[in-house]
Amino acid sequence: MLHTTLSSDLLVTMRGRGGIPLCTKLCYAVGGIPYQMTNIAMAFSFQIFLLDIVQMEPLFVSLILFINRAWDALTDPLVGYLVSRSRRSPIGKLLHWSVLSMPLGVLSYALLWFIPHTAASSSATVAWYLTVSCLFETFMSCYHVPYTSLNMFLGGSERDRDSATAYRMSVEVLAMLLAAVIQGQVLRVYNSERESSCVNLDINHSELTNPTSSEPTAPLHLTRVAFMTSALVLGALFFLCCMLLFLGVKEQSGKSAIGRRRSYLKDLKMLIGHISYQRLVLGFLFSSLAFQMSLGNFALFCIHVAGLGAQFQNLMLAILVAAAVSVPLWQMILVRLGKKSTLFIGLPLLIPALIVFVSVTENFPVYVVVCVLVGASVATLFLLPWSMLPDVVDDFTLQNPCCTDLEPLFFSCSCFCNKLGGGLSAGISTMTLHLTGYKTGACIPGEGVVTALRLLLAPVPIVLLLVGLIFFYLYPINETRRQQIQHDLERIR
């Protein structure tokens, strides 16, 4: 499916100067695997891990998830500024940030899934997971912000950069697929042990006083081991991918800053004041919030509402396989129709899919078909905003030729909006579950919890996605404007 992209890459390389070699594109794409694998693992499992394995109160879980994501979002612009102002090392200006932060990122990720001996103390447990999760997100920002900014320093033309982005997104979706398989095995152990615990609890209670079946279950020891094993496997993959990025990508030197160095606030003000960047990141923020809220609650929805908890892994595989197949297809479509038009074809596919999810229960074949639709829409969110961002950077460069070395700040602020959406999604979701009476380890949820999960899966995300589409509609860089930007930049060079 990448044949069309590969063919166009070859033509560009043959007739253009400085095309990006295929090996470089692949090594660059592999560098995005650690972020997506750890992200998908935390998105689908960390909430369940804290609620049912650590058996933490939902209020504290909400606090940890929100502060963690807020901290993560705030560190991105700061790391972006530090990277843009750092000096060039023998291996470049960006790569050494990713390489040096990798070991600390691996260690902190493993500690996320470790249950300390102080788990009996709620205050100590909250402090532990809050500290470790914030450290992990800080080290991941130091890895991921320079990595995403590297797209502007691979060499080649604008078409080469778009092609490298398509390779990156295809590999990242495959990484999510692999993470879902690994994490799905963990959730399978969790579901099996949870059902067994609930059966034993019902038998014991029926022999005594026959109380309600909503009491929490005992700690799930096998699931603890499964979570830690998964963390060690992902940590090893993190190390391997970082080494391939380091060995396979040679960072091209960019232009040096001209004139006196500006302050961080002045740079940030210029970025925020740029209209095309403003509209793109706001559209990205609301769309990302919609997707993360629906997919972040999908596991709990399948377990407690749809009656398909045992099939959750298969449903996630359907979403991710569809996304992996769709990325090169969307790349072919955007070459023909333009990026903005392609985005408006792909993103709205999520809306009918979510409506079907909340309307149908215990129907696995229907869910599989709808998951394919969700996967195609997810691929659009993965590919298009990141493919549009270099156009915004070029537009900004054209209007502000004296402002250089700001690429890391552009990419880090975009990451900020994406992560802010994730933080708001996690915080709102967990707080809603707390207010509706969610109990850790409960075998049968209350009616309020079921209603909350339905709202968090479809109506709220649909409204948020529509707001995001409005901002994308106001985004000023269409295909004609994009071609004009590239022509003007080529003339200046």
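The backbone N, Cα and C atoms fix where each Cβ goes, and this holds for glycine too.
Keep in mind that what you see is a predicted model, and the values were worked out from it rather than measured.
Per TrEMBL, transmembrane segment is recorded for 44-67 (among others). If one looks beyond the transmembrane segment (44-67) by at least 6 residues along the same chain, the residues whose Cβ comes under 8 Å of a Cβ in the stretch are 112-113, 115, 119, 122, 125-126, 129-130, 133-134, 180, 183, 186-187, 190, 194, 216-217, 219-220, 223-224, 227, 295-296, 298-300, 316, 423-424, 426-427, 429-431, 433-434, 438, 440-441.
The transmembrane segment annotation in TrEMBL covers 94-115 (among others).
When Cβ-Cβ distances below 8 Å are used as the criterion, the transmembrane segment (127-145) is approached by residues 34-35, 38, 50, 54, 56, 63-64, 67-69, 71-72, 75-76, 79-80, 83, 97-98, 100-102, 104-105, 108-109, 111-112, 116, 118, 242, 408, 411-412, 415 of the same chain, each at least six residues removed from its ends. Taken from TrEMBL, the feature transmembrane segment covers 127-145 (among others).
Feature annotation from TrEMBL assigns transmembrane segment to 225-249 (among others).
The transmembrane segment annotation in TrEMBL covers 270-291 (among others).
What TrEMBL lists as transmembrane segment is 311-330 (among others). Using a Cβ-Cβ cut-off under 8 Å and counting only residues 6 or more beyond its ends in the same chain, the transmembrane segment (311-330) has close neighbours at 1-2, 4-5, 44, 166, 169-170, 173-174, 176-177, 180-181, 184-185, 187-188, 191, 295, 298-299, 302-303, 342, 346, 364, 367-368, 371-376, 378-380, 382-384.
Long-range contacts of the transmembrane segment (342-360) within the same chain, counting only residues at least 6 positions beyond its ends with a Cβ under 8 Å from a Cβ of the stretch, are 287, 290-291, 294, 301, 306, 326, 330, 333-334, 366-367, 370-371, 373-374, 376-381, 384-385, 388, 454, 457-459, 461-462, 465, 468-469, 472-473. Annotation comment: TrEMBL describes 342-360 (among others) as transmembrane segment.
Annotated transmembrane segment per TrEMBL: 366-384 (among others), in sequence order. Within the chain carrying the transmembrane segment (366-384), a Cβ under 8 angstroms from the stretch's Cβ atoms is held by residues 165-166, 169, 172-173, 287-288, 291, 295, 306, 308, 311, 314-316, 318-327, 329-331, 334, 339, 342-343, 345-350, 352-354, 356-357, 360, all 6 or more beyond its ends.
Per TrEMBL, transmembrane segment is recorded for 455-475 (among others). If you look at the transmembrane segment (455-475), the same-chain residues 6 or more away from its ends with a CB under 8 A from one of its CBs are 276, 279-280, 282-291, 293-294, 297-298, 301, 340, 343-344, 347-348, 350-351, 354-355, 357-358, 388, 428-429, 432.
Long-range contacts of the transmembrane segment (270-291) within the same chain, counting only residues at least 6 positions beyond its ends with a Cβ under 8 Å from a Cβ of the stretch, are 347, 350, 377-378, 381, 385, 388-389, 391-392, 395-396, 399-400, 403, 406, 409-410, 413-414, 417-418, 420-422, 424-425, 461-462, 464-465, 467-472, 474-477.
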